[in-house]
Structures are given as structure tokens and as C-alpha cells.
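Per TrEMBL, the features are:
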type     : residues : note
SIGNAL   : 1-23     : signal peptide
TRANSMEM : 78-97    : transmembrane segment
TRANSMEM : 104-130  : transmembrane segment
TRANSMEM : 136-156  : transmembrane segment
TRANSMEM : 168-190  : transmembrane segment
TRANSMEM : 251-269  : transmembrane segment
DOMAIN   : 251-469  : domain 'Major facilitator superfamily (MFS) profile'
TRANSMEM : 341-361  : transmembrane segment
TRANSMEM : 368-389  : transmembrane segment
TRANSMEM : 401-421  : transmembrane segment
TRANSMEM : 442-462  : transmembrane segment
């Protein structure tokens with residue numbers, strides 16, 4: 001194995017290492033109820049904190065994509081390692097009462113900083129992989145994206161095994177471990193230049209027109225007949241981005257569907273802890289006179305274990321969804337000429353089914369697990385198929401910026417549905433509600449939102465089919 005191969009391997013492993021600690025925002029529901037109880041936050045305030053983490057991750061993707069493209073992923077990840085440590089460290093200090101100000105807005109700022117750092121780490125890893133690996137890109141991209149989805153499962157299992165109810169030390173552990181992993185990984189996250197005789201070929205594959213021209217001119221000196229077809233290929237390549245993307249009908253439908261489908265998924269992910277708590281105290285083994293505000297230590301410990309279990313399943317099935325949909329959609333396209341948009345619609349169907357089950361089927365904790373599995377799998381499908389569709393519909397030249405802009409949309413959807421859930425929950429808490437009555441109203445809205453997204457996506461599928469014919 002030569003030096004270049006060693007550098008490529010170590011850089012790819014570093015990208016996987018970094019990605020495995022970049023999905024900690026999905027861990028929020030594992031400690032959200034403890035945070036609310038210790039600092040006396042309302043449901044709306046807790047949901048604002050959860051949304052801030054999502055904002056940090058989603059809204060900063062275009063920015064960090066641009067920075068990583070122009071200034072390198074190593075430097076970006078190096079700085080991000082301090083950001084993620086600072087965010088979770090300050091949250092832990094606030095939780096423990098070490099800071100005099102325990103405002104929920106400051107907590108929201110801390111998780112926003114951690115979310116930004118997570119976004120920087122993941123985007124830097126993907127940008128580095130894109131520049132280093134020119135074949136088998138589906139697997140190359142699928143691995144870090146899957147580990148990103150799996151990181152919450154890793155941490156939730158660590159929380160169950162080592163920390164139990166000790167939220168303060170668990171938050172400190174997240175701060176130190178994620179910061180150290182990103183710091184170490186940043187030293188090995190390098191772009192490895194291609195061999196001299198492959199420089200032009202590699203650049204051509206990346207779709208960079210200026211470098212392709214260089215390739216063409218070089219070839220043209222020896223074989224002019226090969227020049228024209230290559231130029232035609234470059235001219236015909238799809239390149240939609242910038243303001244054109246905002247006015248593109250397909251992009252608007254895709255973004256609107258992402259807003260509702262991903263927004264409902266984020267609502268469940270951030271609030272599954274509250275749902276577990278409501279169902280726990282409504283179960284037959286707990287009298288209705290026992291209210292969540294008066295839980296004993298054994299109940300609190302059991303609730304924490306259940307929350308960790310659901311976070312684990314969310315993360316694992318999100319990982320499975322991310323890995324599987326790319327392979328299946330490739331095979332379906334190859335064997336049956338099935339458009340990838342079908343799999344985007346199917347991801348919405350999984351989330352729609354989850355909303356229906358929580359409304360009409362789930363009345364105890366044992367039945368809630370199937371909803372968690374469907375949400376995790378559907379959410380994973382959505383975030384694996386989404387960037388592939390964007391690259392195919394709008395081209396690869398400005399893919400980072402295009403996907404970054406569309407990937408921002410779920411943050412707003414998550415904020416909307418989180419606020420709806422929090423407002424609804426606060427209203428019901430005044431009446432000491434238990435079980436489904438605490439949250440079912442908002443799931444009627446989210447179910448309709450998913451159905452609406454499926455319908456407009458099906459219409460887009462029909463329109464594109466007519467255009468292609």
C-alpha cells in the first residue's frame with residue numbers, strides 16, 4: 001500500500017469517526033424531560049431549545065459547505081470541535097446550577113452552537129469524501145450519513161449503561177467525547193491530490209466546466225474528433241442553482257414536502273420523551289392520581305430507561321433507512337426504471353402511517369415502539385434519498401449549496417410542529433391530563449400535513465412522467 005492509499009484510507013476513516021459524533025441533536029429527547037424538571041421549563045420552552053439544535057444543524061449547512069469547499073474540511077472541523085464542546089459544556093453547567101442565569105434562551109443558544117458544530121463536522125466529512133473518492137460514491141456517502149444517524153443510538157446506550165439518571169455527567173460526557181473525536185479526526189481529514197496523470201480526468205468527473213475545457217483542449221491536440229462530443233456533454237449537463245432554484249417548480253414542491261414530512265418527524269423525535277411520560281403515568285400500573293410532577297425515583301429511572309430505548313431505536317432504524325434506500329432505489333431504477341421520487345413519497349408514507357398509529361392504535365407504551373421504528377426508518381429514507389434527487393434534478397456543479405438550501409427547510413417545519421406540540425401539551429397540563437389526551441390533537445394536524453405532502457409529490461411524479469414521455 002503506497003502513501004497515497006494510506007492517506008485516502010485514514011481520511012475516510014477520519015470522516016466516519018467525525019460523523020459518528022455529529023448526530024447528537026437527535027439525542028435531545030433522552031434528557032429533555034430532566035432539563036425541564038430541573039430548570040422548571042414549560043413544554044414550549046423545552047421545544048424551543050430542541051428546535052434551536054435543529055436550526056444549528058440545518059440552517060448552517062450552506063455556509064459550512066461553502067467554507068469547506070473553499071478553505072478545507074480539516075480547518076472547519078478543527079474549529080467545530082471546540083464549538084461542540086463549548087455548547088454541551090455550557091448546557092451541563094447550566095443544568096447543574098453552576099451558572100447563575102438558567103434562561104431557556106441561553107440553553108437554546110448552547111444547543112444551537114453545538115448544532116452548528118455538528119453541521120460543520122458532517123459537511124466537512126462529506127466534502128472531503130467527495131473530493132477523494134471517485135467511484136462507489138453511494139457506499140462512500142452512505143457510510144458517514146448512516147453513522148450520523150446512528151450516533152444518537154450510541155450515546156443513548158452509553159447513557160443507559162453508565163449514567164442512568166445522572167444527566168449532568170452525561171452532558172459533560174457528550175461535550176468531552178464529541179469534542180475530542182472531532183479534534184482528533186480533523187488532523188487526518190485531508191484532501192489527497194490525485195496522481196498527476198489523472199488530474200484532468202478527476203476534475204472532469206466533478207463536473208467543473210473550466211477544468212473540463214482544459215481536458216478537452218489537451219485531448220484536442222492529439223484527437224480532435226473526441227473534442228466535440230465531450231463539449232456537447234458538458235453543455236447538456238443540468239446546472240440549476242442560486243436564484244433559479246427558488247423559482248424552479250420541482251424545487252418548490254420538493255422543499256414544501258420536506259417542510260411537512262421532515263417537520264413532523266422532528267416533532268416526534270424531539271417530543272417522544274414527553275409522550276413516553278404521558279403514557280407511563282396513564283398505564284394500568286400507575287394510578288391516575290399519580291401525576292408526572294410527583295413522580296418517585298423509581299418511576300423517574302424507568303422513564304429515563306424507556307426514553308433511552310426509544311432514542312436508540314430511532315437512531316438504529318434511521319441508520320437502516322439511510323443505508324437501504326440508496327441501494328434499493330439504485331436497483332429499482334436499473335431493473336424497473338422506477339424514479340427515485342417514488343422512494344421520497346414512500347418515506348412520507350412511513351411517517352404518515354406513524355401519525356395514524358399514534359392516533360388510533362397506540363394507547364400504551366408497548367405499542368409506541370412501532371411508531372418510533374416507522375419514524376426513524378422514514379426519516380432516514382427521506383434524508384438519504386433527498387440529496388440524491390437534488391443532485392440528479394439540479395446537477396452536481398452546485399450540489400452543496402443546493403442541498404444545503406433545501407436541507408434548511410426542515411428546521412422551519414420542525415419549529416412549527418414543535419411549537420404546536422408544546423402549546424398543546426401546556427394547555428392540557430393545566431387539566432392534569434394523562435395518556436393520549438395530552439398530545440393527540442396535534443397529531444391530527446401532522447397526519448394531514450404528511451398526507452398533503454404525499455399528494456403534491458404524487459402530482460409532481462405524474463407531471464414529470466408526462467414531461468419525460
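Glycine residues also receive a Cβ, built from the backbone N, Cα and C atoms like all the rest.
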Feature contact check the transmembrane segment (442-462) with the transmembrane segment (104-130), CB under 8 Å, 3 or more pairs: no
Stretch with greatest number of CB pairs under 8 Å, the transmembrane segment (136-156) reference, 168-190, 368-389, 401-421, 442-462 candidates: 368-389
Listed stretch, out of 251-269, 368-389, 442-462, that has the most CB pairs under 8 angstroms to the transmembrane segment (401-421): 251-269
